[in-house]
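Contents: one structure, followed by commentary.
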Amino acid sequence: MGAVWTVRLLCLFLLLLNTRQSAALPHNTDQCAEGSDACHIDAICQNTPTSYKCTCKTGFKGDGKHCEDIDECDVEYNGGCVHECNNIPGNYRCTCLDGFHLAHDGHNCLDVDECVFNNGGCQHVCVNTMGSYECRCKQGFFLSDNQHTCIHRSVEGLSCMNKEHGCGHICKESPKGGVACECRPGFELAKNQRGCILTCNHGNGGCQHICEDTEQGPICRCHVRYMLHADGRTCVERDEMAPTAPDHNATSLAEVDKRVKRRLLMETCAVNNGGCDSTCKDTSTGVRCSCPVGFTLQPDGKSCKDIDECELHNGGCDHYCRNTIGSFECSCRKGFKLLTDERSCQDIDECFFERTCDHTCVNSPGSFQCVCNKGYTLYGLAHCGDINECSFNNGGCEHTCENTMGSFGCHCRAGYKLHWNKKDCIEAEDSPLVPPPARPTLNCNKQGGGELCYLTCQSQVHISSGAEDSYTVTCGMPLPCHTGGQWNGSYCPGSGIKTIATFKSGQGKCNLKRSHENLAHSFKTALSDKRATENVQFSFVSLHCASSSRQQRSRHGRKAGEEEGSFITAQFELDVNLEEVTAEGCDLTCVRRRSEKRLRKTIRTLRKSINREQFHLHFAGSEYELAKKLVRPADTPDHCGTGQILLDKKCVKCSVGTYYDGEQGRCFLCPPGTYQDEEGQVSCDVCPGPEGRGIPETAGARNISECAGQCRPGQFSHDGFVPCLPCPQGTYQPEVGRTSCFTCGGSLTTKYDGSVSFQNCETKVQCSPGHYYNTSTHRCIRCPVGTYQMEFGQNYCIACPGNTTTDFDGSTNIMQCKNRHCGGELGEFTGYIESPNYPGNYPANIECTWTITPPPKRRILVVVPEIYLPIEDECGDYLVMRKSSLPNSVTTYETCQTYERPIAFTSRSKKLWIQFRSNEGNSGKGFQVPYVTYDEDYQELIEDIVRDGRLYASENHQEILKDKKLMRALFDVLAHPQNFFNYTAQESREMFPKSFIRFLRSKVLRFLRP
């Protein structure tokens, strides 16, 4: 690992590990380590051969035994802040007045263009001004008292409606007649009682920096580091390198006389640097000035002017280019990071972290999206909660609805059974019997001196791909209930046998592969062969195949030389045939023993078949086998799981409406008469419905509702299939394939036949979002807490997903459903705290507390990448970090505002007690704050780094503190310096920009050579 790439990653940690520890000298009792020193809490204790030394930390002053905070706001021209300077323990922070936002340098304040957002709330015209804005009206209108909306003028009468009223801002009619003028806040009424004079209280008087009120109006001044622009309001940076403006009467250098030339020959670089701004060199003809890289020499031959590199080809930057004095800086759009060449931008893979999304994370250029599994819905931008389908429209169930995790089920009352659509209930006596679905069947016979077995699945097949070289196949349904030997259409545990067995499959890896052999003939032969050894029907079968590699086996204690292979874990459910029970011969217990014996024999036969890799799956009209040693093309970089294809070097599941063909390695549309509503499947399910009606089918059906021949929404029939009738007036049906329609209730009717929603019912009042229509009282009722409604005119509210709830009643969308759990993981070395529902808005009236207790001789470093707390609440929402819960204990950090700029700081106490509270007012995104504990020997170095403004001055440095992947690497090495060697040279080159490495290297060298 050479020294070059070592420094490129993070030289400080390697140097700290090798130098600090090896250079330590033997000494007497370490009073600093024992805690017996008398150093102040804001001082650093350094052990000496005979005693110890106390030194106040950066940002504090004193003798080390007594330290007090330095108020940077009282020195150096308000701390360099152009508006307000807020002192905090050991540091300070600049803030801006209303109407301004903090510039990237953290000191200057720039105007906010309020008109960009929603036209500033103005009805007609929005005009931005320095520090504020104003609304104006079109011809024929005047501004109302709220200063945003416009009112049409009347041309008659002396009133405020007349455009001749003369008021500069607000016009009000007096009780005695006539008009009286008023001014907006921040303005004073002029002596003529009509006009309005601006003051510093409104938009800082239009001044960018400093405003002073005078009788004639505000006068603008600038901070000492800036100068006033010709407009009298704007402040620009002083160009200290620019020469003083020449006298207009002065002659040019070419016109000077010989005396001046002789004087030039007498100039020397030893006196006043020869008048050069930068580099001076003595020559035979006088001094010669030159400029450093990034500057160009001006015509006077002395002055240097900054080159704006961004003017030419955007400075070579992929995204943004920002010119700086003597240089420039490239930066990237949100969602991208700057590479080490400090020019190129690369997408940040937010999905790198498992906790980015609860279920599935889909990365995209500059962004990402969280996707939830079927039966779950997204809330809080990243979280997934179970959908309570029964909470709206009873889940579409005709009788009762039962919610389950990720799904739901409809149930029927006594005397009824479920229709094939699993929602309607039909009478059990008068309706034709629904045949039970075909069961999984195992057929085995002897071929070629061994057992050849087929598992046949005619329906209820489900395939899911796991990790590489693994899959799960389920076939059939749980054991059905029987009544008098007839299928009754429902399911229950029943009287059956359930067993689990594990099989090893030679050297083949798990991969559902369509067979190249003509297995159809062999399959039919196996069914009719008199030598068949097994023919067993199961109720339910689950097969999970997982490949085993040599490395994995040796890690688990098996022999390293054992060959690779696959292991299949099979779960069988075998129904006990009650017809075999006889009064005199064999009771139920006897029949169960016989069934168990048959099952054991079947498993032995199946084991032989699988060991010889002669086990095949037959479903959806195709045959599949366990693939043997896969021969892969040399140019295929990765192996995708079953149901996935390689697309742009990424494994992508086959979409809904398609299935995966293992033989061709492609996704195909579901054939007509079938559908598939899940991704990554290797077959399609057969559409329900009566046969022989000649109904045209379409390919690629994505769910059962797209199967042809079903009654459309607003229709019904006795079996849910054509021919269909429209729902009569007073009823509606939002789904396909139904046998009945829902009634509006409350004696309500609909405007026409064939209504598809309750919204078509003629209610007495239309309910707005956040309400539902009560058909008993014919009133709109606010949705209770924990529910929401997005649409107009509905008769239900939707329950919030999972364990979320709403802050108040009357919620109108799912984003108002929030998890109230205080997030975070508190580890001894690394961890994080997180506001509830992050990255969604946190709930109202919440209180969270965390306590970070590091191991002995370790200190805490905290990084706040960004925090969103609405200041409009007057600090009703706040985050505080201090030594303990006592209000007067030592405080490390406290805020009740939004800061998008990151900040890093060390704890002022050994332990941190953290509290977050919110009130019932506005809400925000909140925060996710990571921390690390480090060896206290590095306290001085860490504080020197985090207190240096250069760490935050560069946008690229700010993005590093926001990049979770980079911060995890930094924290990993800070917590465990030996982990530095876990990072390869390639990783080190791709992690940090050179400017960040240079910044850290200077700190390390100064720390090692004080």
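If you go along the chain as it appears here, the first residue is 1 and each next one adds 1.
Any Cβ shown, glycine's included, is placed from N, Cα and C.
Among the features that Swiss-Prot reports, signal peptide is placed at 1-24.
Long-range contacts of the domain 'EGF-like 1' (28-68) within the same chain, counting only residues at least 6 positions beyond its ends with a Cβ under 8 Å from a Cβ of the stretch, are 89-91, 857, 890, 908-909, 939-940, 943-944, 947. If you look up Swiss-Prot, you'll see 28-68 marked as domain 'EGF-like 1'.
The disulfide bond annotation in Swiss-Prot covers Cys32-Cys45 (among others). Long-range Cβ contacts of Cys45 (disulfide bond) within its own chain (separation 6+, distance under 8 Å): Gln31, Cys32, Asp37, Cys39, Tyr52, Lys53, Cys54.
The disulfide bond annotation in Swiss-Prot covers Cys39-Cys54 (among others). The local packing around Cys39 (disulfide bond), expressed as other Cβ atoms within 10 Å of its Cβ over all shown chains, amounts to 21.
Look at Cys56 (disulfide bond): DSSP puts it in a strand. In sequence order, His40, Asp42, Ala43, Ile44, Gly62, Asp63, Gly64, Cys67 make up the list of same-chain residues 6 or more apart from Cys56 (disulfide bond) whose Cβ falls under 8 Å from its Cβ. What Swiss-Prot records for Cys56-Cys67 (among others) is disulfide bond.
Feature annotation from Swiss-Prot assigns domain 'EGF-like 2' to 69-110; the stated evidence is sequence analysis. Sequence-remote contacts of a segment are chain residues at least 6 beyond its ends whose Cβ falls under 8 Å from one of its Cβ atoms, and for the domain 'EGF-like 2' (69-110) they are 42, 57-61, 130-133, 203-204, 208-210, 222-226, 235, 322, 891-892, 901, 905, 908, 947, 949, 952-953, 955.
The feature disulfide bond is assigned by Swiss-Prot to Cys73-Cys85 (among others), with similarity to another entry given as support. Non-local contacts of Cys73 (disulfide bond) by the CB criterion (under 8 A, 6+ apart in sequence, same chain) comprise Gly79, Cys81, Cys85, Asn86, Asn87, Tyr92.
According to Swiss-Prot, the feature disulfide bond maps to Cys81-Cys94 (among others). Cβ neighbour count for Cys81 (disulfide bond) (all protein chains, 10 Å cutoff from its Cβ): 23.
The disulfide bond annotation in Swiss-Prot covers Cys96-Cys109 (among others). For the recorded site, Cys96 (disulfide bond), the DSSP three-state label reads coil.
For 111-147, the entry in Swiss-Prot reads domain 'EGF-like 3'. When averaged over the domain 'EGF-like 3' (111-147), pLDDT in the model lands at 85.
The disulfide bond annotation in Swiss-Prot covers Cys115-Cys126 (among others). Here Cys115 (disulfide bond) comes close to Cys122, Cys126, Val127, Asn128, Tyr133: these same-chain residues lie at least six apart in sequence, with C-beta atoms under 8 angstroms from its C-beta. A helical conformation is recorded for Cys115 (disulfide bond) in the three-state DSSP classification.
Annotated domain 'EGF-like 4' per Swiss-Prot: 160-196, in sequence order. Residues in the domain 'EGF-like 4' (160-196) partition by DSSP class (helix H, G, I; strand E, B; coil) as 0 helix, 12 strand, 25 coil.
The domain 'EGF-like 5' annotation in Swiss-Prot covers 200-235.
As annotated by Swiss-Prot, N-linked glycosylation site applies to Asn249 (among others), with the evidence given as sequence analysis.
Secondary structure of the domain 'EGF-like 6' (269-304), assigned with DSSP and counted as helix (H, G, I), strand (E, B) and coil, comes to 4 helix, 14 strand, 18 coil. Residues annotated as domain 'EGF-like 6' in Swiss-Prot, with sequence analysis given as evidence: 269-304.
Sequence-distant contacts of the domain 'EGF-like 7' (306-346) (same chain, at least 6 residues past either end, Cβ-Cβ under 8 Å): 8, 104, 241, 292-296, 365-368, 954-956, 959, 963, 989-995. Annotation comment: Swiss-Prot describes 306-346 as domain 'EGF-like 7'.
Nearest to Asn774 (N-linked glycosylation site) in space, judged by Cα atoms and limited to the recorded positions Cys317, Cys372, Cys384, Asn803, is Asn803.
Taking Cα separation as the measure, Cys317 (disulfide bond) is nearest to Cys351 of the disulfide-bonded residues Cys96, Cys351, Cys357, Cys361. Remark: secondary structure over the domain 'EGF-like 2' (69-110) totals 7 helix, 16 strand, 19 coil, with classes taken from DSSP. When each of 111-147, 160-196, 200-235, 822-934 is checked for Cβ pairs under 8 Å to the domain 'EGF-like 8' (347-385), 822-934 comes out on top. Distances between the Cα of Cys372 (disulfide bond) and those of the recorded positions Asn703, Asn803, Cys875 are shortest for Asn803. Within 10 Å of the Cα of Cys109 (disulfide bond), the following recorded positions from the list Cys94, Cys384, Cys896, Asn982 place their own Cα: Cys94. Cys875 (disulfide bond) sits 17 Å from Cys96 (disulfide bond), taking the C-alpha atoms as the reference points. The recorded positions recorded for this entry are Cys94, Asn803, Asn982, and the Cα of Asn803 lies nearest to that of Cys361 (disulfide bond). The DSSP secondary structure for Cys67 (disulfide bond) is strand. Sequence-distant contacts of Asn703 (N-linked glycosylation site), defined as residues of its own chain at least six apart whose C-beta falls under 8 angstroms from its C-beta, comprise Val656, Tyr675, Asp677.
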